[in-house]
Amino acid sequence: MASPPPLTSPLIFLLLLTALSATTSSADTCTNQKLTDGSNSNKLYSNCMDLPHLTTFLHWTHNTTNSSLSLAFVASPPNAGGWISWAINPTGSGMAGAQTLVAYKDGSNGAVTVKTLDIKSYSELVPGKLSFEVWGLKGEVSGAAITILANVKVPEKATTLNQVWQVGPSVTAGRISKHDFAPENLNSKGTLNLIGGQSIGAGGVDSRTKKKNIHGVLNSVSAYAIGVAGWATGLKLGSESAGIVYSVHRNIGIALFCLATIQMFALFIRPKKDHKYRYFWNIYHHSFGYTIIILGIINIFRGFQILNPLTKWKSTYIVVIAVLGAVALLLEAITWIVVWKRKSSTKSYDGYNSGQSRQQPLNM
C-alpha cells in the first residue's frame, strides 16, 4: 500500500481556501465599494453600512446645516430585469407609509430609471411626490448591481430614521412586480442612526452575522481536521499491516474522506439565500451531510468488528448514537414548527390575508 500523504497538506489547502474565501467575501462590503457622482469622480460618504438582508449596502452623509441626508443605496435585483428600492418610513417601521425610491434598468437602453413611490397602505401605492423633499435623484449600474443616489430632507434634530429596503424580480412596461416573501424580504427593515452608528433595530446587527459565519467556518475546519487525522492514521495502519486488508472498512473510509472534502467546498460555492440555485445547493449540501453521517456510523461498527472490543464499548456507542438521534429528531421537529409559523405569518403580510385584496403590480 502506498504511503499516506502528509497530514498537513489537506489542512494547508483547506486553510488557503478559507483565506481566499474570506478575501473574496470581504470585497463584498460597503467599505470596499467605489461610488461615483454620475461622472467619473468618486463620491465619498461619511458612513456606510452592510445591511443584514438581501446583500444590500447603504452609504450616507447627514448634513445638519440643512437637515438633509445624502445617500447611495446599492443592491442587486434577483433577476436581470428586476428592481431595487430604499425607503424612509416617517410613521412606522414597515412598508405601510414608506416613502420609497425605486430603481430598475430600462430594457431598451440599459439606463437606470429611478422613481418615487408613496406606499400609503399595503393596497394603495401612489407614484409621485413624497412627503419630504428629494433632489439629485439618479441611478447607476455596475455589473448586476444598481445604485440609487439621492438627497432627502430629514426632520430637524432627528437622530434616527426608520428605513426599509427591498428587491423584486421584474419590471414589465413600467409595472413592477411584487417581491418575494422569504424571511430575507420580510426582515429587510430597521433603524438608521444618522449620527453614524451601525444600528439596525429590526434586522439585527451585521457584525453578528459575521460572527456566525466565523463560528461556522471554525467548527467546520476543526471537524474536517479531525476526520483527516483519522483517515491518515488508517492509511498509516494499513501500510504497516502487510497482508491484512479490511476492504469494506477501507473503502468506506476513503469515500467518507472524499465526501467530507466535497462538503467543505459547500462553504465556498453557497449561493445567496435569494439566488435561484440556492434550492439545488440545499439538496446537495443536505444529501451529502446525511450520507456522511450514515456511512460514518456504519464504518464505526465495521471498526468494532475488526477490533472486537469489550461489549460495554459497543453498547455505550449505541446509547450515544440513540441519544444524539433523538435530539436531532426533536430539533428537526422544532425547525419545521418554526418554518410553518413563518409561512403562516407570511400569508397575512402585506395585505395578503383573506380580508384584503392582493397587491397588484404598480404602473410606474
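If you go along the chain as it appears here, the first residue is 1 and each next one adds 1.
Yeah, the Cβs are placed from backbone N, Cα and C, and that goes for glycine too.
According to TrEMBL, the domain 'DOMON' annotation covers 54-168.
The feature domain 'Cytochrome b561' is assigned by TrEMBL to 146-340.
Look at TrEMBL and you will find 1-26 tagged as signal peptide.
Residues annotated as transmembrane segment in TrEMBL: 252-269 (among others).
Annotation comment: TrEMBL describes 281-304 (among others) as transmembrane segment. Non-local neighbours of the transmembrane segment (281-304) in the same chain are 246, 248-249, 252-253, 255-256, 259-260, 262-263, 266, 269-271, 313-314, 317, 321; each lies 6+ residues outside the stretch with a CB under 8 Å from one of its CB atoms.
Taken from TrEMBL, the feature transmembrane segment covers 316-339 (among others).
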So what's the average pLDDT for the domain 'Cytochrome b561' (146-340)? 80
